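Taken straight from TrEMBL:
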- 144-169: region 'Disordered' (REGION)
- 193-213: compositional bias 'Low complexity' (COMPBIAS)
- 193-222: region 'Disordered' (REGION)
- 247-269: region 'Disordered' (REGION)
- 287-417: domain 'DALR anticodon binding' (DOMAIN)
């Protein structure tokens with residue numbers, strides 16, 4: 001066995017829950033121990049959500065398959081040995097071999113609930129956490145090394161690198177130039193995340209912001225004459241133009257190409273499509289509305305708690321694992337750090353846009369079926385319950401991740417409906 005042996009204790013999850021980087025580190029150590037190779041030679045596990053019973057948190061890695069050829073060992077044997085180690089790990093409800101060499105684990109409910117709490121506490125740090133982990137392994141292009149998660153970095157306390165500034169879209173001449181500038185801005189901000197956490201930082205996920213963020217876009221209804229770019233911004237606004245510009249996979253879309261029903265890849269003032277609408281047919285509106293609704297719901301719940309006779313602030317404590325649509329939303333939140341890492345590696349901002357759309361859709365499904373019960377939060381018996389605390393954290397986590405993702409795209413996240 002390698003010197004860096006597998007540790008079955010609960011240290012792997014206790015600091016922040018079953019976040020992607022914690023799950024990755026657990027799986028990576030187990031596979032390294034099973035293969036009897038030095039940990040530093042083992043690549044990231046890149047754990048993805050796997051098919052599981054409703055509400056379960058199952059994550060799988062193909063790491064044994066990736067190592068088998070190099071080690072001259074059969075992947076199923078390495079996977080089975082790793083699964084055997086993982087079955088004895090704290091907060092792992094099960095481990096199995098799938099598809100001839102994948103290792104899959106079922107994570108305990110409290111470990112996933114703790115992950116939601118981590119995302120709720122700081123959405124930007126959570127979203128960029130896997131990139132920090134990759135950098136700690138020396139596997140992040142263009143970045144220096146940092147200590148592994150949970151260890152203080154050298155020179156801790158130094159000021160963060162400022163986020164890259166946004167290009168003035170109103171300085172563009174054409175709609176296509178608007179698109180190119182917006183995509184370049186998103187790429188720079190995504191690339192800067194490990195060194196410039198402020199690129200994704202925003203208001204606190206609890207709903208307490210330095211100041212409210214308005215829906216108002218100064219470009220809309222501005223001077224409608226002038227360049228094609230200025231006319232476009234006067235119709236759809238800068239926020240929607242940025243989302244529209246980043247949504248398509250292709251850097252050079254075909255003439256007339258759409259990214260969805262009524263969504264031109266390159267909208268113009270004459271043909272803006274649904275990008276000019278304030279409805280869910282417009283992805284930019286849907287993303288910003290989901291954030292505004294989540295932040296408003298948190299604010300209403302806390303106002304109800306404060307107004308309840310004899311109510312006291314709920315003490316921090318364990319939260320109940322979400323189920324049903326709440327589990328779906330928690331699963332979508334888990335994916336975020338991995339999607340951001342892939343978008344950074346490939347230089348494809350559309351991956352982040354589509355991911356955020358999935359989070360917004362999962363949030364709306366959750367709030368439509370159960371969501372955050374503002375009335376219950378206002379009752380002394382309900383406001384401090386574990387189930388209500390879990391809903392508060394899930395709502396705050398969704399708000400934090402949406403806000404951080406929108407900021408990477410250069411889009412402000414409104415705080416009121």
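Cβ from N, Cα, C; glycine included.
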Checking distant contacts: for the region 'Disordered' (247-269), what same-chain residues at least six beyond its ends satisfy Cβ-Cβ under 8 A?
175-176, 179, 183, 224, 228, 231-232, 234-236, 241, 275-276, 281-283, 348, 350, 353-354
Averaged over the whole of the domain 'DALR anticodon binding' (287-417), what is the pLDDT?
83
Within the region 'Disordered' (247-269), residues counted as helix, strand or coil by DSSP:
1 helix, 5 strand, 17 coil
